[in-house]
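Q: Following this message is one structure expressed as structure tokens.
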Amino acid sequence: MITVPWSVFLIWTKIGLLLDMAPYSVAAKPCPSVCRCDVGFIYCNDRDLTSIPTGIPEDATNLFLQNNQINNAGIPSELKNLRRVERIFLYHNSLDEFPTNLPKYVKELHLQENNIRTITYDSLSQIPYLEELHLDDNSVSAVSIEDGAFRDNIYLRLLFLSRNHLSTIPWGLPKTIEELRLDDNRISTISELSLQDLTNLKRLVLDGNLLNNHGLGDKVFMNLVNLTELSLVRNSLTAAPVNLPGTNLRKLYLQENHINHVPPNAFSYLRQLYRLDMSNNNLSNLPQGVFDDLDNITQLFLRNNPWHCGCKMKWVRDWLQSLPLKVNVRGLMCQAPEKVRGMAIKDLNAELFDCKDDMSTIQITTAVPNTLYPAQGHWPVSVTKQPDIKTPNLNKNYRTTASPVRKIITIFVKSVSTETIHISWKVALPMTALRLSWLKMGHSPAFGSITETIVTGDRSDYLLTALEPESPYRVCMVPMETSNIYLSDETPECIETETAPLKMYNPTTTLNREQEKEPYKNSSVPLAAIIGGAVALVALALLALVCWYVHRNGALFSRHCAYSKGRRRKDDYAEAGTKKDNSILEIRETSFQMIPITNDQVSKEEFVIHTIFPPNGMNLYKNSHSESSSNRSYRDSGIPDSDHSHS
């Protein structure tokens, strides 16, 4: 039997006890009472704190202090001792200066939504390993940034200064910056020297500033050889910027400016560019070949521009038709001239561009009558009008007629009501789908007023709804293949019609017309109508019987209650109701008399009428029921009831 020395046994016992107590010693690290600690993550956010609590564990790596009321005086000096902290979230607090006493090795600092005005070298030099700095929504201005404030931050990659008070780009930014956001400031000028050292910059956002072409130097972006994304949205540019870095630029955003022309060399050498957006500008045409160097373009957005589809834009149609399927071009819709407004540029044929050298005259054809629709004429847009030919009346519905060389679609329209138009069509060849578009005519349309839809090839009609009453509309259809590419040599078939006027389609008239148009499904009268008619006839018969019975009994009753009319022709009964005489009207049996009243009993302008009914309680009038049949029955005296004083 092997014996273990007692000393060795005691040593191993102590080691076991120490190992058992080790987890408890780690778990016993303190956590501020107002916070919650979870393995390096310290949550002290949303607690209305005015200062950072003390006693934060030394193993903390992420401090969540956002949405409090912490000010600069509330940052304790002991915070510098937390050497493992890498991320601090101090946004939405009450800081008015760049904070000090921050941990030295912090890499990501969020200070947005404070009121920070100044950025000094002393505050930034304490955090030399900073990689991301978020200062959005503060009050930083160009003069409040100390010269050389960032010279020790050689690891800074992201700098966000959106929505501040900057008028220029800060000087002396580190060369290591890869993303710079300066959107929604007051920047009006950018010198060529302010960005020349940022050779590692990949993303530059300058949206919502006051930049125009005079405030941009010709070579301001030239040295940004690693730039992949440039955004100049919501500025005041009148022309697309030139001399852009073409080595790596992939995204260019120029929408919501005042760009009215594009220099021919604006996009030269941008062979890596795959997304270009110039929507919401004032472009009416493009110089030929402006997109020739865009070898990798896949997304081109040109929405909401007043494109004039004249001869200068014919090359655009040819370029669009030569693009591969992967290229997505949006927004090239004609706004002028009038004859092609609302049509896609890629759908136009050569004759519609008004190029005199290529223009060929198309003979006007005669309208084909149709028995189902009103008299319809030809569509004036797709033909060349001769001086001696009158323009068709736009207040009627028209049927399209095209050259007999190519007749793919024939469209018919009919105004159903003040807000709806029924469209039907016939196709000469089988097709998978058709594109249907409509636009209100008679005025310069607002951007986006053209409505489009895709209908399947097996359909032959469509109902347009929610239209304006008594308004002209243009309707166009284009055949589509299964690959969703429009036929390159096919002109859209268009037609113009008008919704019905309001006076012709009031609710009652419309209902009656619809009822007249809709035939009965069965020739027999519905059972409900038969029952309703029978009930009405029975009710009328009963009502007539009751009226006859009342009339007969009333006549017999009035013969027993006849009274003398002799005195009523010249007495003062009628006068009593108009002169306001101070008298009493007394009726005894079949006669009556006026009894004067002394002035001391009743005031001067008053009278009192006492009615004394006959002892037998009978009516005084011969036919009392006849008075209820009219509002102006006449007495024997010839005076209407409205002129008598009733009691």
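Yeah, the Cβs are placed from backbone N, Cα and C, and that goes for glycine too.
Grabbed the feature section from Swiss-Prot, which reads as follows:
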- 1-28: signal peptide (SIGNAL)
- 30-62: domain 'LRRNT' (DOMAIN)
- CYS31-CYS37: disulfide bond (DISULFID)
- CYS35-CYS44: disulfide bond (DISULFID)
- 58-82: repeat 'LRR 1' (REPEAT)
- 83-105: repeat 'LRR 2' (REPEAT)
- 107-126: repeat 'LRR 3' (REPEAT)
- 127-152: repeat 'LRR 4' (REPEAT)
- 154-179: repeat 'LRR 5' (REPEAT)
- 181-197: repeat 'LRR 6' (REPEAT)
- 198-223: repeat 'LRR 7' (REPEAT)
- 225-246: repeat 'LRR 8' (REPEAT)
- 247-269: repeat 'LRR 9' (REPEAT)
- 270-293: repeat 'LRR 10' (REPEAT)
- 305-356: domain 'LRRCT' (DOMAIN)
- CYS309-CYS334: disulfide bond (DISULFID)
- 404-502: domain 'Fibronectin type-III' (DOMAIN)
- 527-547: transmembrane segment (TRANSMEM)
- 548-647: topological domain 'Cytoplasmic' (TOPO_DOM)
- 620-647: region 'Disordered' (REGION)
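Are these features on the surface or tucked inside, and what are their neighbours?
A: Looking only at the domain 'LRRNT' (30-62), the predicted model's pLDDT averages out at 93.
Annotation for CYS37 (disulfide bond): same-chain Cβ neighbours under 8 Å, separated by at least 6 residues, are CYS31, TYR43, PRO57, ALA60.
Within its own chain, CYS35 (disulfide bond) has ILE42, TYR43, CYS44, ARG47, PRO53, ILE56 as residues 6 or more apart in sequence whose C-beta sits under 8 angstroms from its own. In the three-state DSSP classification, CYS35 (disulfide bond) falls within coil.
DSSP assignment over the repeat 'LRR 1' (58-82) gives 8 helix, 3 strand, 14 coil.
When Cβ-Cβ distances below 8 Å are used as the criterion, the repeat 'LRR 2' (83-105) is approached by residues 40, 45, 50, 58-72, 75-77, 111-120, 122-124, 126-129, 134 of the same chain, each at least six residues removed from its ends.
According to DSSP, the repeat 'LRR 3' (107-126) comprises 5 helix, 4 strand, 11 coil.
Sequence-remote contacts of a segment are chain residues at least 6 beyond its ends whose Cβ falls under 8 Å from one of its Cβ atoms, and for the repeat 'LRR 4' (127-152) they are 91, 102-121, 158-168, 170-174, 181.
Taking H, G and I as helix, E and B as strand and the rest as coil, DSSP gives the repeat 'LRR 5' (154-179) the counts 0 helix, 5 strand, 21 coil.
The list of residues near the repeat 'LRR 6' (181-197) in space but at least 6 beyond its ends in sequence, with Cβ under 8 angstroms from a Cβ of it, reads 136, 159-169, 171, 173, 175, 203-212, 215-221, 223-224, 231.
Here the repeat 'LRR 7' (198-223) has long-range neighbours at 162, 173, 175-192, 229-239, 241-245, 248, 253, meaning same-chain residues at least 6 beyond its ends whose C-beta is under 8 angstroms from one of its own.
Residue counts of the repeat 'LRR 9' (247-269) by helix, strand and coil are 0 helix, 4 strand, 19 coil (DSSP-based).
Within its own chain, the repeat 'LRR 10' (270-293) is flanked in space by residues 240, 244, 246-264, 299-308, 310, 312-313, 315-316, 319, 331, 336, which lie at least six positions past its ends and keep a Cβ under 8 Å from the stretch.
Cβ neighbours within 10 Å of CYS309 (disulfide bond), excluding its own Cβ and spanning all shown chains: 27.
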Q: Which sequence positions outside the repeat 'LRR 8' (225-246), separated from its termini by at least 6 residues, show Cβ-Cβ distances below 8 Å to it?
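A: Residues packing against the repeat 'LRR 8' (225-246) from afar: 183, 199-213, 216, 218-219, 252-263, 265-273, 278.
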Q: Under 8 Å between C-beta atoms and at least six apart in sequence, can you list the same-chain neighbours of CYS334 (disulfide bond), or say none if there are none?
A: TRP307, HIS308, CYS309, VAL340, ARG341, GLY342, MET343, ALA344, ILE345, LEU348
Q: CYS31, CYS44: which of these disulfide-bonded residues has the highest Cβ count within 10 Å of its own Cβ?
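A: Of CYS31, CYS44, the one with the most crowded Cβ is CYS44.
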Q: Going by DSSP, how much of the repeat 'LRR 7' (198-223) is helix, how much is strand and how much is coil, in residues?
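A: Final tally across the stretch: 0 helix, 4 strand, 22 coil.
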